[in-house]
Amino acid sequence: MDFAAIFSQLADPALLLTIVLCTLYGALVGALPGLSATMAVALLVPFTFFMDPVPAIAAIVATTSTGIFAGDISGALLRIPGTPASAAYVADSSTIAHSGRPRTVLFVSLFSGAAGGVIGVIALSLAAPMLAGFATNFSSYEMFWLAALGLSCAVFVSDAPPAKTFASLFIGLAIACVGIDVAVGMPRYTFGLYDLYDGVNFISAMIGFFALTELFRAALEPKAPRADAKSPKMEPLRQAIGDALKVVRQRWVSVIRSGPLGVFIGVLPGAGSDVAAWIAYAVSRRFSKTPEKYGKGHYEGIVDGGASNNAAVSGAWTPALIFGIPGDSVTAIAIGVLMMKGLNPGPDIFERSGDLVYTLFGAFLLANIAMVFTGALAILLASQLMRMSKSLLMPLILGLSLIGGFAVMNSAFSIWIIITLGIVGFAMTLGGIPLAPAILGVVLGKVLERNFMTSMIKSQGEFLPFFSRDISLVLGVAAILIWGLCLYRAFRAIIHPEKTQRTMENDA
Amino acid sequence: MQFTRDAVTGLVLIAAGAAMFAGAWGFDPPAGTAFGAGFFPKIVSSGMALSGLLILLGRERRSLTEVMRIDGRGVARVALLVAMIVLYALALDPVGFHISTVALLFAATLFFGGSLPSALLLSVLATAVFHFIFYSIMKVALPWGLLLPVAW
């Protein structure tokens, strides 16, 4: 590893400018209620198409981490979480904001978010090379089980009912089946359209799922309910920053506890920042001396939740880089970008492009530092951001989606993909089917099928060799156990709906 | 209401799975091999149909994704938005990027409840910005269509 080369790459003004601009962009989109960090990334991807690998990935990371923080802004001021990751502690943050301390609470979540993010980056740069060393001798059997395990984890940790999460996964896998097949090179489900031979263009699919679905939902309401512009009175900035620093310093234990917890949850496929925030909040409450204060304007849960959801952003990159298995929907998008850049994720990524990966980690760190400043700017402009009108925002998102999709394929065909998948995604939300697992399916579909078919051809159609190696046996048994448990839960819901209902309510 | 919705969701998934399975029969394996291009799609489509069946039978009532109320008016509005995008896709090449984008943004701003002056301003300004970013900086070959004689 060549430190000098890495530092000189990180000092590149173009990279720094990209990071600062993307943290600003993430702050803007994250702060607007209803626009998730995932959507911000989906709209960003066409631009990354034209960038070098490091700035492209740095742009995605910078956008996500600030977007996840900025979700707290509308959460505190309007009681509407800007991104799902802020939902866990929205009751606390809005109570504090409405008692006259909106800036303090926002700076608390900014500082704990940045601290969590830094913990996440450190964990990522320590764990990823170790994991990669362990995984270099994986064969197609292990890779198949890993991909299968990755998909099943999504079902297991998802909040939606198992059957619906399964449905979402299979819809994603079905989309991945379109195009020339990986085993014998036969075109499938292309309906004679040559544009589909390469499969469904990934970026267009992303934009359709995350941007258009959101637009359709917004279109359901004739007149967008204008966010109540009566934002709370702001306290002096200097005082807010000082108090926030004091709060975070007093609760450093929470940061130390929830940072690594967030990283761990981020690593699990399918569980991202939102799940991390919920779990960290719950853990914090259980260990707190004053659990009765939670939900009524207590800083402790905000520090825990804020640190863990930003730490999860980095955690999700560990399996993404080493196994090509996304930890959340944003890394699912990022894997597509990595592959576009010829930087295929895999256990040997450190040998193939080690300097590049370490430069990336450096860029992650810079993004979390830049976030402190752009986040502060977003807090200053918070009440203006909240007054941004939906009637102007939605057309811009629409234009950016369609032109961005066009730019990548250079063909109007991308707009057809966007609109088709937008309708599919909208229909899925109407049926209560979550969208994120479908993206995992789209991304992992080809990996899963390639490793499955390679293994089947190697074993000449026998299933037993799938378990013939030590690691593949462990992974295979784990995957089958998880499938069994999910099926059991789904069947129990059929046989004893009332009982399941009750236990689920107890869980929640 | 919830029952019907889950029933519809389940039935749609079963139908889609069945159609996909039927399509997979067309991908015959090459001579001498036991499984070919159709093998994986068959597994996926069976899984899709099975999950549809589970939803249909399960009538699970708990769902974290917020419950949506959709009425005729909502359907009409979504259909209108879809029609606008379809028109845009059709017009992009023959009419050109600039005219179609101004038209789309103008219509979309009015659609989302913006005023006439704001729609005019936004559609023209945003198209200019998109032109600058995508055409001038990122060198995307945006189609000029009718404006081809004045292209630069």
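Using the three backbone atoms N, Cα and C, a Cβ is placed for every residue, glycine included.
TrEMBL: automatically predicted annotations, no manual curation.
Within the model, the domain 'DUF112' (A:16-440) shows a mean pLDDT value of 84, rounded to a whole number. Annotation comment: TrEMBL describes A:16-440 as domain 'DUF112'.
The feature transmembrane segment is assigned by TrEMBL to A:15-45 (among others). The list of residues near the transmembrane segment (A:15-45) in space but at least 6 beyond its ends in sequence, with Cβ under 8 angstroms from a Cβ of it, reads 9, 51, 54-55, 58-60, 62-71, 73-74, 78, 80-85, 203, 206-207, 209-211, 214, 218, 227, 273, 329-330, 333-334, 336-337, 363, 366-367, 370-371, 373-375, 377-378, 382, 385-386, 388, 393, 397, 400-401, 404, 408, 436.
Per TrEMBL, transmembrane segment is recorded for A:105-132 (among others). Same-chain residues lying 6+ beyond the ends of the transmembrane segment (A:105-132) with a Cβ under 8 Å from its Cβ atoms: 65, 68-69, 72-73, 76, 92-93, 96-97, 240-241, 243-245, 247-248, 251, 254-256, 258-260, 262-263, 266, 299, 302-315, 317-318, 321-322, 347-350, 357-358, 361, 364-365, 367-369, 371-372, 375-376, 379, 382.
Among the features that TrEMBL reports, transmembrane segment is placed at A:138-157 (among others).
Residues or ranges marked as transmembrane segment in TrEMBL: A:169-190 (among others).
The transmembrane segment annotation in TrEMBL covers A:202-220 (among others).
Per TrEMBL, the feature transmembrane segment maps to A:320-340 (among others).
Beyond its flanks by at least six residues, the transmembrane segment (A:360-380) meets 6-7, 9-10, 15-16, 19-20, 22-24, 27-28, 31, 54-55, 57-58, 61-62, 65-66, 69-70, 73, 103, 106-107, 110-111, 113-114, 117-118, 120-121, 124-125, 237, 241, 310, 314, 317 of its own chain at Cβ-Cβ distances under 8 Å. Marked as transmembrane segment by TrEMBL: A:360-380 (among others).
Marked as transmembrane segment by TrEMBL: A:392-409 (among others). Same-chain residues lying 6 or more positions outside the transmembrane segment (A:392-409) and placing a CB less than 8 Å from one of its CB atoms are 32, 35, 39, 43, 45-47, 49-50, 195, 201, 203-204, 207, 211-212, 214-215, 218, 224, 415, 417-418.
As annotated by TrEMBL, transmembrane segment applies to A:415-445 (among others).
Panel annotation: around the transmembrane segment (A:466-491), residues 138-139, 141-142, 144-146, 148-149, 152-153, 155-156, 161-163, 166, 455, 459, 500 of the same chain, lying at least six beyond its termini, place a Cβ under 8 Å from a Cβ of the stretch. The transmembrane segment annotation in TrEMBL covers A:466-491 (among others).
Between the transmembrane segment (A:138-157) and the stretches A:169-190, A:202-220, A:415-445, Cβ pairs under 8 Å are most numerous for A:415-445. Sequence-remote contacts of a segment are chain residues at least 6 beyond its ends whose Cβ falls under 8 Å from one of its Cβ atoms, and for the transmembrane segment (A:169-190) they are 151, 154-155, 196-200, 205, 421, 424, 428, 433, 437-446, 448-450, 453, 457. Long-range contacts of the transmembrane segment (A:320-340) within its own chain (CB-CB distance under 8 A, at least 6 residues past either end) are made by residues 37-38, 41-42, 45, 48-49, 53, 56-57, 60, 64, 128, 131-132, 135, 143, 146-147, 150, 202-203, 206, 210, 266-273, 312-313, 346-347, 349, 357, 435-436, 439-440, 442-444, 447. Away from its own ends, the transmembrane segment (A:415-445) comes close to residues 38, 147, 150-151, 154-155, 158-160, 164-165, 167-177, 200-202, 204-213, 215-217, 269-270, 272, 324-326, 328-329, 332-333, 335-336, 401-402, 405-406 of its chain (Cβ-Cβ under 8 Å, at least six residues beyond either end).
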